[in-house]
C-alpha cells in the first residue's frame, strides 16, 4: 500500500502559472499599462525635480571624485549608497543625460516592476481577479516613475524581484538582490526586520548567517572605492540611519504588531520549514507598512515604497469590499493633493491607522502549506479580567486629541507659535513636555520681550535680562536650528551677545537675523563674533547696527543667497573682497551703511534683487540676472552707457527717487529723451521725489519713462521741494482756490519734443498709473494728460493729493483731469479725498 502523504501545494512551474486565469488578466493589464505609460511619456510634460541633481552627482563621480562629502547636486549633498552612483552612471551612459531617453528607460522599468508585482499577487492568490486592476490606477505612481525619474523606482524594482525569489525559497539569491536594492536607496531597510524573521523561521541559523554575509559582501564590494579613499565620509553620508525614521516609534509598540503577526503563524515545530507564499508576502508588506506609518515625514516619492502592497493589505483585513475600495481611493487622493495640507496629511494618517487596525484584528493566516485555516478566536476562552482590559482600552481611545497628535504635527504647531507660548505647551501633557526644545525656528521679537512700540527707561534696565533669557532658551534647545532671529526694538548689545552667537553657529543655523538699536557712539556698536564667518552653511543673513568685519581667514559664504545690512559699519573693501566670496548671492539690501568710500562696483552673476539707500555712486559691472532694483539717493552715473544697460537688460522692477537720476550720463539740456538701448523687460517703475522744475532731473525722469516701452505699472511721487517752483504759482494761490490756467509747463514741452516717442510706441502696455502727493500744478496736470492720451490699455488711475491741500483746490484739479482726453475707455480714476483739508 502506498503511503498517504499530507496534503501540500503542487510545485510551481511556468506552465501551471500561465494556466491560472489571473495570469491572463495580469498579462492583459500589463499590455494596457504599457500603452498608458507610452501616452503619458509622450503627452504629459516632464517634472524637473531631482534629475539634474542626480546627473551632477554622477558627473562628479565619473570625473574621479571619491569623497562623498564633495559629491553634491542642486538639491543638496549625495546621501545614497554606492549602488545609486553605478545605476545612474549607467543611465547617463545609455541616455546621454537626455530626459526623454531616460523617461523611456524608466517607462520600461515601470513595466518590469509591474510584471514582478503581478507575478507576486498571482502567486499569493489573495486578491480577486478584478482587484488586480487597482495596481495600474495610480496617477502618482506613474508620475514618480516616468515624470520624475526618482531612484526609488530602481530600489523598489530590485526589492520586488527579491520578494519574487523568496516565493521560491531562494533566500541567498533573494538577499543579494535585497542588498542591491539597499545600495540604491536605504528605505528598503524597512523590509529588513520581517525578512530576518522569515529567514529564521524558514532556514537554519547557519544558512541565515551565510545569506547575511553575502548581502554584506555585496555592500562592501560596491562601496570599496569610497571605503578605501574616504571611509568616514561614505559611511556618514550613505548610511545615515537617523535621517528618515522616528526610532522610538519604529522600535517600540508598533513593531510588536509585526512580531505578534509573525509569531502567531508559528506552529509547534521549532525546526526550519517551508513557508507559504501568502505568508511571505503578507509579512514583508506589513513590516514595511508599519515603517511607513512611523516615518517622520512623507515625501511624494515615498508613495512608491508601499503603494503596490496596499491592495494585498486591504484584502488581508476583514473589511467589506466597499470599505477596502474607499480606503484605497482615499489614500490615492491624499497622495495626489499638491501641495499637501494639514487636512490631507491628517486624513492620510487616519487611513493608515485604519488599515493597521484592520491588520491587527484580522484572523491569523496559515504559514505552513497544507494546514487548514482556523480562527484562533473560536478556541479561546478569555478570562474575566479581559473585561477590565477592554474598559481600559476604551478609556485610552477616548483621550483628548491634543495629547495623541503625531510628533510631526506637534512640531509644525510649535513652529507657528511665539517662543513664549511654545514653551508653555509643556504643561499640556507628557508628550508635549520639552517638545519646544527641538523646534527648528527660534524668533525673539517684541512679543518675547513684552514691550510696546517704543521702549521705555525701564526696558533699558531689563535689556541684560532679556539677553540672558535668550541665551537660556538657546542653551536648553537640543535640536537643529534652521532659523534664528533677534529683532527687539530698543535692544542693545551686551556681554551675552557673543555667547549667544558662539553657541548658535554650532547648531547649523541657515537663516540668521540680528537687529540692535543704533547706539549714540559708533564705538558702542557690537562687533560681530568671528564664529559667524565660519558658518559656511548660512543661506540668509540680516544685520542691523553692528560692525561687520570679516577676518583674514574668511573663505566666503558659498551658500548665501540673501543678505540685508542696515546701519552697519562695513570695511571699505566690502564690494571688492566680501561680495566675490558669496557667489550664489541673489538678494542684497544695503541701507545707510557706513565705512564704504568712493564708488560701488557690483559684480554678482546671480544677483536678482538689489536695494541701496545711501549717497555713493553705483556701477553695475556684471549683473546679468538683476531683475529688481531699488535706489534711494544712490546714483548710477553711467546708466545710459552700453555696459550698464547690458547689466540692467533683465530689469523688471525699478524703484528710484529723482535724486538718484540727477547724474545720469548724457542727460543734459540738449540730450535725447531716451536711451539708445531701451529697457524692454521693465514693467514696474516707481519714481519718488520728482521735481518738475525744468532741470536735468526732470529730463532724466522723462528719459527713464520713454526708455521703458513695456511698462505695465507706473508710480510717480511728487517731491516736496518743487513747491517753491510750481510754474510761478505763489503760495497764496497754491493753498487757495485760484483755478489752473492754460499755461504749458516745461514737462509738457519735454514730452512733446521732436525726439520723444509718439503715442504709437510709448506707454502702449501701461495698465496702472499712480501719482501721489499732488500739489495741483500745471506740470502734474500735463503728466496726467499725457498718460491718459497715450495709454490705450490703461485700467486704473490713482491720484493722491498731498496732506493739507484744500478741498476746493482738489475739486478744481480733479475737474481738469476729467476734461483730459482718454484713449482708454476702461480707465477708472480714483481720487483719494482722505488727504484733503476742508
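Just so you know, glycine gets a Cβ as well, placed from its N, Cα and C.
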Range among 49-72, 145-168 that TrEMBL annotates as transmembrane segment: 145-168
Which listed span TrEMBL calls transmembrane segment, if the choices are 259-278, 279-298, 379-398: 279-298
Same-chain residue ranges lying at least 6 outside the transmembrane segment (342-360) that approach it to Cβ under 8 Å: 254, 257, 261, 286, 289-290, 292-293, 298, 310, 313-314, 316-319, 327, 330-331, 334-335, 406, 409, 412
Leading stretch by Cβ pairs under 8 Å, where the reference is the transmembrane segment (279-298) and the options are 23-46, 78-94, 145-168: 145-168
Leading stretch by Cβ pairs under 8 Å, where the reference is the transmembrane segment (100-124) and the options are 23-46, 78-94, 208-228: 23-46
Interface present between the transmembrane segment (78-94) and the transmembrane segment (208-228) (three or more C-beta pairs under 8 A): yes
Best-contacting stretch, by C-beta pairs under 8 Å, relative to the transmembrane segment (78-94) and drawn from 23-46, 174-196, 318-335: 174-196
Secondary structure tally of the domain 'F-box' (399-451) (DSSP, helix then strand then coil): 26 helix, 4 strand, 23 coil
Positions on the same chain near the transmembrane segment (174-196), where near means CB under 8 A and six or more residues out: 80-84, 87, 151-152, 154-159, 161-163, 165-166, 208, 211-212, 214-216, 218-219, 222-223, 238-239, 241, 244, 255, 258, 262, 283-284, 286-288, 291-292, 302, 305
